[in-house]
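Q: This structure is in C-alpha cells; I'll ask about it shortly.
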Amino acid sequence: MAAPQSLQLSSVNNVEIPVHIIHTEENQIQEPAVDEFDYSQRGQWLRAAVLGANDGLVSVASLMMGVASVKEDIKAVIVAGFAGLVAGACSMAIGEFVSVCTQRDVEIAQMKREKLKGSSKSNGNDEKLPNPAQAAAASALAFVIGAVLPLLAAAFIRQAMVRMAVVVAVASVALVVFGVVGALLGRTPVVKSSARVLVGGWMAMGTTFGLTKLIGSNHGMQI
C-alpha cells in the first residue's frame, strides 16, 4: 500500500512543477511589454509636418533667390515669395488630402475583406483610420510656417546682396532646426538628419539661383 501512495505523490509533484514554470515564463514575457513604444506611429503626422515646413522654406527661399538673381527690386522678390507661399500651401494641402484619402480607401477595403472572412481584427479599427482633412491642414500650415521665414527675413532689407545673404542665413538656421526636431521626434541620428536637410536646401537654392541668373543674363530678359 505504501508504494502506490509514493507513486501518486510523485506524479502530483511532476504536474505542479511545469505549471509553476509556465506561470513564471508568462510573467517574464509580459514584463518587457510595459516599456515598449512604437515610434513608427508618429510617422504620418511627423512626415507631413517636417516635409511641409521644409518644403515651404526651401521652395520660397529658392524662388526668392532666383528672382533676386535677375531683379534687385525688393517688391518683385517679396511678391514672388508670397505667390510661392500661397501656391505651395495649396499644392501641399491638395496632395496630402488625395494621398491620405487613397490610404484610407485601401484600409477600409481591407477591413471589409476581413469582415467578410469573419476575422475579428477589423473590429474597432474605425478610430485608427487616417483623417484626410487633418493631414491636409497640417501640411498646409507647416508649409506656411516654413515659407514665412525667408519672407520676413527679406522684407525690411533694401540692399540686394545683403538681402540674399540674410535669406540664405535664415534658411540655413531653420533647416538645421527642422532637421534636429525631426530627428528627435523620430529617434533618428541628429547630425545625419540635420546635415541631410541642410545640404539639400543649399543645393536647391544654389541651383535655382544659378540657372535663373544664367537664363536671364544670356537672353537679356526684361523682368
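Going from the start of the chain as shown, residues are counted 1 onward.
Even glycines carry a Cβ here, placed using N, Cα and C.
Just so it is clear, the model here is predicted, and its values are computed rather than measured.
For 45-64, 76-94, 135-157, 164-185, 197-216, the entry in TrEMBL reads transmembrane segment.
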Q: By a Cβ-Cβ criterion of under 8 Å, what residues six or more beyond either terminus of the transmembrane segment (164-185) are in contact with it?
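A: For the transmembrane segment (164-185), the far contacts come to 42, 46, 50, 53-54, 57-58, 61, 64-65, 68, 146, 149-150, 153-154, 157, 192-198, 200-202, 205.
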Q: If we skip the immediate neighbours and take only residues 6+ beyond the ends of the transmembrane segment (135-157), which ones have a Cβ under 8 Å from one of its Cβ atoms?
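A: Same-chain contacts beyond the flanks: 44-45, 48-61, 64, 74, 77-78, 81-82, 84-85, 88-90, 92-97, 99-100, 163, 166-167, 169-171, 174, 178.
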